[in-house]
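Features reported for this protein in Swiss-Prot:
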type	residues	note
MOD_RES	194	N6-acetyllysine
BINDING	289, 340, 566, 567, 568	glycine binding site
BINDING	321, 322, 323, 332, 333, 447, 448, 573	ATP binding site
MOD_RES	443	phosphotyrosine
MOD_RES	491	N6-acetyllysine
MOD_RES	690	phosphoserine
MOD_RES	726	phosphothreonine
């Protein structure tokens, strides 16, 4: 066995002491491990060989995870914790990259061949192509449009109908105050640099990363300089505007396309801004997500549900993000379709009555603990994950199970699908638990669904901004008496003193809590006045303007600010994953490619193919087409010239699930029969023409399988009458 591995381990242990300062334990050792060549595995299994190569990387992640934990236990400065976490993420990326590099070659899709098929058969193409195209914008052709619509329809049936979710459809134009309240106006931004001569824009962190990687690949780059740059890359997500500007100067970063100087980094808001109305007085944005429309309509939705929790609302629609440098096809675009669910639930009652229906599902879970200890995702029963506390509660667990069933139903491979838990530093302070469904593609692992359990932070923000209570009422088992303390303003005196600002004062007083009111009551009794500040203005209130009222109140209901389970689906990313996971090349014929879409999402469920252009076949083509239409089966008639085998190949290439062929036996024999072909196996059966539309409908709806069809009907061996032709080339 070559001596690479022991030396690799020694290098790792030497470079990664457990309690070293974060700047010392930067990504240098990890980078060396990533670039190390894979060992030949002639004398042992490839799996054992891969695990040996991954062992030092797992060790590096585990050591850094322990280091992060110790920093937190020791209450180290936050800046040190942030650096250590950034290094942990860098090592995780190195480990994951090596895992992907070591996967079997037959597990990797031929992306170039697939993209050629997609373009040639017009699944989708760059928008405005005849004008040169616009990056990040795509038009879907007939096949892509049908596939996308079927993915959406399957989503509606799987979630909205099954869970009786309330679907709404909100406007894509959003006034600025809404997104100011949600935080998008202030925080939804990336840093951007611009070519000072031609104005070409680049995302600053991506450009800096590419530039440093290019410098590091130079053989003349010293080990010390390389280590320094690796440290910068490890911290890349944490740099602010000025730090990025300094790094661009230090490393002399230029435009990669022209070599021109670049402007200093500036924050670039990723929302498309516009103005609503002709006056230009109402700024607005194209929505960056669909969720805000659901939150704003919470009160109406709660009323529609008779005021009861839990309930869920959903929305499907386009969202917009003005990406600085969109890339990777459908994975990072500027306009995309989302499907989002907001499941509102009492935070004290997070038990789902239907959880047992998914509890026995086994799926790959990549827990936060596994990530910080360098372990891989492991298959786990969903019920066990909830019982052991890996997943926070059964409501979240139920939705993870339902997401898994949907994704596998529409064509995503279970072996290339995992659920990754957010680490503590990735979650917002108001979140309880978050999991992302991630699919393995030729681009690596990509997030396709997010599923978060969070307090309804958005509802609280919008309630404060609008003074509209966005809460539910929960009946109490027994009435309870509570002490109430509130300000009692003299509206006349306040109005006389502050006129148009009186409303501000009254709103402020109505929102004060008991503790604050008691403090101000003491000031009133001692000094006869107190001062408040609201919206940048100061107001002095005296005894004749306000008093304090104390009384008891009997409550029969209590207000509940709901928690929300929030599954958010990126339908474009799901579609791309399906394309990769279902793309195949026929064994023995490299030129014949096909997509093995499940029938439920196949663009066309069936093709109708006359054996030739013989006019005797046409009445049967018409009869079958009309019957398929009556049964709601999307189909494609291909009566063009060319051999039947070539036409089968054409329909396979766009993923048509089944094919009905009319031949001379159809014409010459009674009862009239035709063949039905399965795309994936290329096997055929023969059945009466009148039965076939119902059979295809049941196959497309998932009521029966191809195995059921083969058990019921005889396999087709070849036609018995008329001109003899080979059915498959």
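From the backbone N, Cα and C atoms, a Cβ is placed for every residue, glycine too.
A sphere of 10 angstroms centred on the C-beta of residue 321 (ATP binding site) encloses 22 other C-beta atoms.
Within the set of binding-site residues (289, 323, 340, 447), the lowest number of other Cβ atoms found within 10 Å of a Cβ is recorded at 447. Spacing of residue 567 (glycine binding site) relative to residue 448 (ATP binding site) is 11 Å (Cα to Cα, whole number).
Distances between the Cα of residue 322 (ATP binding site) and those of the recorded positions 194, 443, 491, 566, 690 are shortest for 194. Note: the residue listed as 'phosphoserine' has non-local neighbours 627, 671, 672, i.e. same-chain residues 6+ apart with C-beta under 8 A of its own C-beta. In the three-state DSSP reading, residue 566 (glycine binding site) counts as strand.
The glycine site is set by 289, 340, 566, 567, 568; from the centre of their CB atoms, other residues of the chain with a CB within 8 Å are 290, 291, 338, 339, 341, 342, 450, 452, 569. When the alpha carbons of residue 443 (phosphotyrosine) and residue 332 (ATP binding site) are compared, the span between them is 12 angstrom. The Cβ of residue 573 (ATP binding site) lies under 8 Å from the Cβ of 330, 331, 439, 446, 447, 448, each of these being in the same chain and 6 or more residues away along the sequence.
Annotated pair residue 340 (glycine binding site) and residue 332 (ATP binding site), C-alpha to C-alpha distance, rounded: 18 Å.
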